Structure formats: structure tokens, C-alpha cells
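**Q** Under the heading N-linked glycosylation site, Swiss-Prot lists Asn144, Asn154, Asn231, Asn381, Asn487, Asn636. For 212-406, the entry in Swiss-Prot reads domain 'Peptidase M12B'. According to Swiss-Prot, the feature Zn(2+) binding site maps to His347, His351, His357. Annotation comment: Swiss-Prot describes Glu348 as active site. The annotation domain 'Disintegrin' is assigned in Swiss-Prot to 414-501. The domain 'EGF-like' feature in Swiss-Prot is assigned to 644-698. Taken from Swiss-Prot, the feature transmembrane segment applies to 698-718. Annotation comment: Swiss-Prot describes 734-745 as compositional bias 'Polar residues'. According to Swiss-Prot, the compositional bias 'Pro residues' annotation covers 783-794.
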Amino acid sequence: MGPRALSPLASLRLRWLLACGLLGPVLEAGRPDLEQTVHLSSYEIITPWRLTRERREALGPSSQQISYVIQAQGKQHIIHLERNTDLLPNDFVVYTYDKEGSLLSDHPNVQSHCHYRGYVEGVQNSAVAVSACFGLRGLLHLENASFGIEPLHNSSHFEHIFYPMDGIHQEPLRCGVSNRDTEKEGTQGDEEEHPSVTQLLRRRRAVLPQTRYVELFIVVDKERYDMMGRNQTAVREEMIRLANYLDSMYIMLNIRIVLVGLEIWTDRNPINIIGGAGDVLGNFVQWREKFLITRWRHDSAQLVLKKGFGGTAGMAFVGTVCSRSHAGGINVFGQITVETFASIVAHELGHNLGMNHDDGRECFCGAKSCIMNSGASGSRNFSSCSAEDFEKLTLNKGGSCLLNIPKPDEAYSAPSCGNKLVDPGEECDCGTAKECEVDPCCEGSTCKLKSFAECAYGDCCKDCQFLPGGSMCRGKTSECDVPEYCNGSSQFCPPDVFIQNGYPCQNSKAYCYNGMCQYYDAQCQVIFGSKAKAAPRDCFIEVNSKGDRFGNCGFSGSEYKKCATGNALCGKLQCENVQDMPVFGIVPAIIQTPSRGTKCWGVDFQLGSDVPDPGMVNEGTKCDAGKICRNFQCVNASVLNYDCDIQGKCHGHGVCNSNKNCHCEDGWAPPHCDTKGYGGSVDSGPTYNAKSTALRDGLLVFFFLIVPLVAAAIFLFIKRDELRKTFRKKRSQMSDGRNQANVSRQPGDPSISRPPGGPNVSRPPGGPGVSRPPGGPGVSRPPGGPGVSRPPPGHGNRFPVPTYAAKQPAQFPSRPPPPQPKISSQGNLIPARPAPAPPLYSSLT
């Protein structure tokens, strides 16, 4: 966030200074050194004035925000500056070497550096990057032009040289493209119908609203160090200025440059810099992978060389910014200024960020030429094509490391709320007040989380809350990659890891290399479509032995190198069964070579000498039994240092990742895959949420309670008619049974009469001791009541003694019989004494 506009008092004082002529060019005060201006086609000598409330004062080390007035190009420019607190981390490191070649490390105090960034008042989307250590030295980017400013040598009046950047004379630098392509691109840049750079900025920021951060590491070679008088402090300050300029260029794409480290080869160059640019680049990225990246984490490393390569300004890999093995570039820093050199580094770093050359494409940047012009024009503006290329990289999940916002302990220690970097003491930083209006998680005025928020940014943060442990935050991209998961207590996704280089893949026909399974068929299909496949070995030998642009094994100096027979499979890729033209957005040159009954297809993308050709065989490709391609040579696969003992270390239930830790299969637990678990590794994060069982419990309740109940309800609804009928039938049967039971208990019912001797036994009429019912002979009465016949005297205990029942209420049959007592049958009981003889009734005849 820059300083505020001038107060009325300051504006009045400014007009007074202008009226007195104190801010105009001071040509008579001093003359520029010829060596300082010989490379400039035009310039002005100016005296910047620092704006304060009362008087001009010297720049102090504690100045966080300053403003200057510059009168140049017939206009008055008021620039507002603030110290670039994002430029250097608190743990900024400088590596050097002693005379014995031993590595030395130093953490210089950079908390009070004098490198500033800012803007020009009244100029929309302007950017300023200057060093105020000894005068003002840096760049001013206006609407459609860029200017340089630097102190005038031997001046005692604070005089400076102010010059347009496109007016610098320099040795032509090229990237190997034809003049026709360069002229075509230059013509396109002059077309008036193209939108302004302001419109470009608005459009890009709408597409890429999330800021990316490039953690840059710079390496300076021995010759450049000697050229600077073997002064480590001077080299360090020069590279910090370089990083500040880069930051001012990339900010238009919403990309920030953070210089995380510097290495100066003070004793000797640890790599061979003899040969062509491709050779040196290959040597540098191999050294980086083996030594530098193991010492200090970074996203891209750029080598600064004094040596030139026949007019080639530099070289870098395309789209490899987060790669462990290819995220690097080389840059020639000869007899040019740091401001001019910044455009070269911005160009090569742009290749790492997925940007191709603008040549031959409909590109515009609001200037005559753009940064990604292959002619290394010294422009300060990125084109619409560069923005689109970077957008494609991000949409294809490339550059994931750029979302790694520097953590508070890695950021510059002087906090600045509103710079979109989380400084020490801050929990979040949403930027300007306007940007914070749409941030739901962060309080812009305090850079603290809102009361309900757990986080405000990161791959494992959603709706201001941590994603649950086990949530995948980085998916698996190939059979040689592994996924990463959130841990439930951090907004950051774990660092990207993959299966260790050298692990067999594609049914043991290839090796894993940097997270990809490298084999010829896959490379042919990427270029020529899904039906293409690798050509026979004879094709590789015949084509790559020629040593031209369509068949070679890299460069030897500025010339193509012929492939030896043993290295032919590591040169230009040769394919057959080609039915589709290349699927790349850039149309390459295609060559077809007949060879022994087949057609060998190859391509040359003409990307320039600063970009490795995608038509070459990929490094890590299996070129023979136990061998891989490395730097255009077929070498033993032992260079991959694969040492994973799957059976011993991972117990046969996992593989080793790039950190040489076991990544376990599903069902086994890290770190050694010897116990039951959920898979993953100590590097990937938990593959499940060990603390939360809500999902599991919910599923159990759903499947074992809710689902059965719903199924039962559906069954009952479908069978409701049948069930209703069955229920009615059962109820009717039960009712009938009760009615029959009631009828059986009716008094005087002849059907239930029993003889005294037991159930279902009737006695002949007129027998001894049997009374006859009033209804006629042959009808027996129930025993036990009055009028029940008893055995005659003298029979003793021949018959059981009846038990008399309680008196029952009177019954009224349809045909009333005479009143009769009712007794119940008691079965065969043995009385304790003989019962009295029952009374005898005579029939009513």
C-alpha cells in the first residue's frame, strides 16, 4: 500500500519549487561520464526532490515510505515508494566457498535494506522499482513506456540520468528465430486496434485473481564475481536490485518475486560451463537437483554467467517451475546494466512459468515489443500471449508450488498489513481495503482472522474452515505420482512428493522419473495423438546420426551434435503410425524420413535456442536394459540412485517416495506398511480423518436403521390390502371362537351334561340312583348341584365325590325348564369320607 497523495500544503510548496525552477533539468551543474551514456540514444539530467512536510532530508535507514518529484519528458512525475518488504525473507541465505572449496553460508542482516517499490501518482497501473541506497537507481513503468533512472557519476548535487529503456544500444541478443518471425511480431505490436496495457492488466487480474509467489534462488558464477572486483557485498546488492526489478515486471500478472537465496561461486565453478547454452543448462539443472535443492527450498534457480553463447542471451526449460530437476535457467550478464539484464532474466524465468515466445502469434502488450519476444528486446511488459500461457499452466495444475504463500517465519520481519503477505504477527493479509471487502475470513484493518474463521487461505482451507483430515488437496497425476491429503489442522497442503526415481513402471518397460512414467510411446502420443507409437530403433539411428535440426543429440557450441549409435535413442524423438498432426498449440516443422519399410516422423518446434526442444526424447526414458537417457546420452540407470527395498523397508505393501519414505497401499499404515491402516505415507498427510467418525456413524445408522425402516414401510404400503384382509379374517375367527366358548358355558345346555361317573358316560334310564330330567327319559343332568343323582348306599367310594360349584346367576332359556341347581364335574377324586346320599326326584308324570 503506497503513501497517500500530497496534502494541500505540500502541493503548494511543490508549485513554489517549480516556479523557482528548482526541479527542472540542471544541465550546467555537471556533465555525464561518456562511459555512462555511450549506450543511450537519449537521456536527460534531472534532480529528484524528496517530498517532506517542511524540508528535504536525507534518506534514513528507517524510512518505510518516501515520495519524490521528477521533472522529465516535459512532465512532472510524483512517485510514491515503500520499502519492498516482500522482496527478501527473514532467513535470506548467501552461499560462498573458501579457498579449499568448502561451502560457507551466511545470513546477512537485510531487515533495513534500501530497495523500494511503488507507483506514479495519477498513472493507472504504473509500477516503480528503485534502489535508494546511493541515489535513485531503477525502473519506472508508465502506461506504455518504461524509463530508467540512475545517479550521475561524480555528481555532488544529487543529479540523475533519466532515459527511455527502448533507447538503449546493446549487442543484438537472439533466441534462434528467423528475422521474418521477428518482423511479423514487431508489426503486430504496432497495430492501433490492440487494447491498452491497462485493459490487459484488468483482464489478466480477472482471470488470475489469486496472487502467485515465485521463490527465486540466484547463482552467480566465478567470472561474474571476478568482474565485480570479487566484492561479495556488491554482488549481493546487485542481485537484490535485480530481484526488485523482476518483482516490478511480474506484478502486472499478479505474480510476486521473492528472493530466497543467493549463491556466489567465489572459488571456482562447480559445473562445466564449456560448450553451448544447452550443455551448460543441462549441467546446471543437474547440479541444482543434486546439491542446491537439498540445501534450500525454492521454486526456480537462475544462473548468472559472464560468458556469452554467440549472441544467445540465455536458455531455460518451459513450464518446469516446480520441477525438482528442470526448474532452472541460465542468463548472460555481460557489459549491460542491471536494468537491461532484468529483462533477460524475466524472459528466461517466464519460460519456467510456461510462457512461450510471442513470435508468430497475435500478441500485444501496449509497447513495440514484449518481454517474451525471442529477440530479447529489453521490454518491460508481458504480452497477452504470455498471460494466456501462464493461465494454461495454472489451469493444467502446473506451478502448484507458486500457491505456497511464504509463511510468517519466512517473510521479511518488518510487518506491513495490506501487502498480501502474511508477516510475523499476522494471521492473514487480504490486501487493500477494497480487496478485503470481498474476503469473508480476514479483517483487513488488523490482518487477523474473523472470530468464526480458522483460516483465510490455502489448499486446505474452505469457507474459512480447515478441511477435514483426509481431504485430498493434490491428486495423483500419473502412475508414478502419489496424492496428498489435508491433516485437518492446517490450511497448507503437504509438499508435493512422488514415487522415487528409478521405480519400474509401464509393466517394467520404463522407469518413474520426477513423477512421470517416461516411455517413447507416451511421448509420441502427446505430439501426434493417441494412435502414434515409437518408431523402430533404426529410425533413431538413421535420423539422429545426421547432426541437423531434425536429428541430433543437442548442441556442441553453436552447432548441432551428431548422435553416436549408442546414444541415438536419446536424441530426436522418432514416431510411426502417425495419423494426426501435432496437438500442440504451436505448429512445428515436421519431417518424414523413410527407413526400411516404415516412415519415421519427427518434429522441430522452432522455439529458439534458449528453449529445449519438446521434440527431443525426455530425460529418464529407458533407452536400453538398465539404462536411461540423461543429457542426450544413454547412461546406466544407477545415476537415479534408486535404493528402495520394498520387501524389507515397506514389507511388500508399498513403494518409496521421493523422500525415500514408504507410501503404503490401502489397508496398511505408514511408516513401514507392516500394520493395518488406511495407506499413505508420513509425507502425504492422513488418508482418513482419525478424529471424526461422524461420517462412519452416519452411514452405519443410515444402512442399519433408516434403510430397514424405510424398506419395511414400503413393504407394508404395497401389501396393505392383503394385510387388511388377513387381519379381518383373523379377527373374525377369534370372534367366532369366543362366541362358541360362551355358548358352551350356557346353563342347562343338554349337550354338556355329564354322568356322575365321568365325562361322556351316560347311564341307562331307570338305573339305580339316577334321576330323570323333566324333559324326558335318557337326559342326564350335570353333577354337583341339587338334584344331582348320587350313588345308592352301600356303594361306598365307587364313584368320585363331586365338588359343589358356586351358585350361578339365573339363565333364561327359550323353553324354561324347572329350576335346577348346577354342579361342576370334578373328575375322579378320592374323598376323605363318604358323601351323603343325594336326594331322589321323581319324574313329573
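Cβ coordinates come from backbone N, Cα and C, glycine included.
If you look at the structure here, what lies around each of the features I listed?
**A** Its own atom aside, the Cβ of Asn144 (N-linked glycosylation site) has 13 Cβ atoms within 10 angstroms in the protein chains shown.
Take the CB of Asn154 (N-linked glycosylation site) and look out to 10 A: across all protein chains shown you find 11 other CB atoms.
Taking the domain 'Peptidase M12B' (212-406) as a whole, pLDDT averages 88 in the prediction.
All protein chains shown were included, and the count of other CB atoms within 10 Å of the CB of Asn231 (N-linked glycosylation site) stands at 11.
His347 (Zn(2+) binding site) has a Cβ environment of 32 other Cβ atoms inside 10 Å.
In the three-state DSSP scheme, Asn381 (N-linked glycosylation site) falls into the coil class.
DSSP assigns Asn487 (N-linked glycosylation site) to coil in the three-state reduction, outside any helix or strand.
Asn636 (N-linked glycosylation site) counts 11 other C-beta atoms within 10 Å of its own C-beta, drawing on all protein chains shown.
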**Q** Using DSSP, break the domain 'EGF-like' (644-698) down into helix, strand and coil residues and give each count.
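**A** Here the numbers are 9 helix, 12 strand, 34 coil.
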**Q** Between Asn381, Asn487, which of the glycosylation sites has the fewest other CB atoms within 10 angstroms in the structure shown?
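**A** Candidates: the glycosylation sites Asn381, Asn487. Fewest Cβ atoms within 10 Å: Asn487.
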**Q** What is the separation, in Å, between the Cα atoms of His357 (Zn(2+) binding site) and Asn636 (N-linked glycosylation site)?
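**A** Each residue's Cα considered, His357 (Zn(2+) binding site) and Asn636 (N-linked glycosylation site) end up 35 Å apart.
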**Q** Drop a 10 Å sphere on every Cβ of the binding-site residues His351, His357 and tell me which sphere holds the fewest other Cβ atoms.
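**A** Counting other Cβ atoms within 10 Å of each of the binding-site residues His351, His357, the minimum falls on His351.
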**Q** According to DSSP, which kind of secondary structure is Asn154 (N-linked glycosylation site) found in, if we only use helix, strand and coil?
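**A** DSSP call for Asn154 (N-linked glycosylation site): coil, neither helix nor strand.
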